[in-house]
Amino acid sequence: MEMLDLEWVRKIGLDDIYEKVRAGLRLSIEDGERLFACPDVVSVGALAHQVRTRMHGRAAYYVVNQHINYSNVCVNGCRFCAFSRRKGEPQAFQLTSSEVVDKVAARRDDRITEVHIVGGCHPELPFGYYEEILCRIKQLRPEVLIKAFTAVEIAHFAAREGISTREVLMRLKSAGLDMLPGGGAEVFSPRIRGLLCPEKLSGQGWLEINREAHELGIKTNATMLYGHIETERERLEHLAALRRLQDETAGFVCFIPLPFQPANTGIEGVEATTGVEDLKTIAVSRLMLDNFAHIKAYWVMLTVKTAQVALHFGADDFDGTVVEEKIGHMAGAESEQALTRAEIERIIAEAGFEPVERNSFFERLAPQVDEAV
Ligand code: V47
Ligand code: SF4
C-alpha cells in the first residue's frame, strides 16, 4: 500500500523515515524529533495511517463503558489537576462503597462491558474500601470488566497499608480487578515531575508498578499528558520508556495521549493545544510505539471532532460512552459528558471506518442490534 509519493517525502526530508516505516523498522528519538519538526502534518499523519491500516485495516474500536470517580480528595496536589481537592475543601467529595456500587446498579439495563474507576490519593480510606468496591461490582455484574486504580493509587494504597505494591495488586486482583487504567504517567521526566507534581509517584515508580502488574498477569494502559511545559524530546523519551517496558512484558494494551486542559489548574499562561498539535502527537505516538497494538483518540480531552479526525492520523480507538467524566471537564474540557453507542458508531462510520465494539482487552464483541445506550 503506497499512501505517499516518494518524491514528495524526499522533498519534505522524511524519505529515510518513510523507508523505515515501510520496512517495519523501529524509529529513533531523533526520527521522532524530525517528525514533530515537520510542518507537513498531513504527511506525518499519512505515515501513521499507513501503520495503523497495516495493523487494523478499516476497523475503529470503541467500548460501552462507565467512568466512576470514588473521590477527588488527594494528597498530591499536582499543578495540572483541576479535579482534586484537599480533604474538607469545598467541592471535595468521597463516595461510600455503596454509592459507587449504586452507580453501577443504576445502569443495570445498559449493556456496558467496562467500568473505569479512579480517584485521588485519599489520605484515610482503608484498603478494605477498594476491595469491597471491586467485590460488590463483580457480584452485581460478573460479566463487566473492571479497569480501576492507576499505578499512582496502587503505590498510595501500599504506603498507607504498609504492604508491598505487589501484594496490593494481588489482593485487588483476587477482589475482582481486571486491568489498570493508564493514568498518572504524565511525562516521566524528573524535571517535569519536579516542577508539576513533586509529591507524585516518580516516572520510574510508575513503570515499575506497571511491570509488576504485567508480571502478575494484569494488563494495563499507558498515558502521556502533553501540551504544558514539556519539550518534544521529553515526550519522545516518555514514549521510548514505554516502548522498552513493552518489549520486556507485552503487558500494555493501549496508549492514550492526553492533551492538557488548562482551565482551573495551577499552571498559568499555557494555552490549550491546537488541533495540529494533537494530531501530530497522535501520529508520532503511533509511529514510535511500534509494539503497542492500540492508540486511543480519547474524545473527552481531544473533543469529538478532533478525535474523529485522529482516526486518520494513527489512532484506532475512540474510547467509549464514558458517562459522568470529571477529570477533563473540571479542567475545562468542552466535550460532551457522554456519547451513546449509536453516536459513536455514526462518528466512526462517517470517518470511513468500520465501528467495532470491543471490551477492555480489545476483544471484538458481537454486533449489537439494541440501541439501549
Ligand atoms: O491521570 C489530569 C490526566 C488522567 C489533567 O486507561 C489531565 O483507558 C488533561 O488516565 N488535562 C486521567 N489531563 C485520565 C486517564 C484515562 C482516561 C481515559 C481512559 C484511560 C484508560 C485513562 O488525566 C490523569 C492525568 O494524567 N489529567 N489533569 C488536565 N488538566
Ligand atoms: Fe491527585 Fe491524580 Fe489530581 Fe495528581 S492528577 S492531584 S494524583 S487526582
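These residue numbers are counts, starting from 1, taken along the chain as shown.
Cβ from N, Cα, C; glycine included.
Listed in TrEMBL:
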- 60-293: domain 'Radical SAM core' (DOMAIN)
- Cys74, Cys78, Cys81: [4Fe-4S] cluster binding site (BINDING)
- Phe80, Glu186: S-adenosyl-L-methionine binding site (BINDING)
Near ligand 1, meaning Cβ under 6 Å from any of its atoms: which of the binding-site residues Cys74, Cys78, Cys81 fit that description? Cys81
Over all shown protein chains, what is the count of other CB atoms within 10 A of the CB belonging to Phe80 (S-adenosyl-L-methionine binding site)? 22
When DSSP states are folded down to helix, strand and coil, where does Cys78 ([4Fe-4S] cluster binding site) land? coil
One should report the C-alpha separation between Cys74 ([4Fe-4S] cluster binding site) and Phe80 (S-adenosyl-L-methionine binding site), rounded to whole angstrom, as 13
May I ask which of the binding-site residues Cys74, Cys78, Phe80, Cys81, Glu186 have a CB within less than 6 Å of any atom of ligand 2, listed in sequence order? Cys74, Cys78, Cys81
Residues satisfying Cβ distance under 8 Å from Cys78 ([4Fe-4S] cluster binding site), sequence separation of at least 6: Ser84, Glu186, Leu196, Cys197, Glu199, Lys200
In sequence order, which residues at least six apart in the same chain have a CB under 8 Å from the CB of Cys81 ([4Fe-4S] cluster binding site)? Cys74, Thr265, Ile327, Ala331
So how many other Cβ atoms are close to Cys74 ([4Fe-4S] cluster binding site), meaning within 10 Å of its Cβ? 24
Neighbouring CB atoms within 10 angstroms of the CB of Glu186 (S-adenosyl-L-methionine binding site), all protein chains considered, total 27
Can you give me the residues near the recorded [4Fe-4S] cluster site, meaning same chain, not Cys74, Cys78, Cys81 themselves, Cβ no more than 8 Å from the center of the site's Cβ atoms? Asn76, Gly77, Phe80, Phe83, Ser84, Gly120, Cys197, Lys200
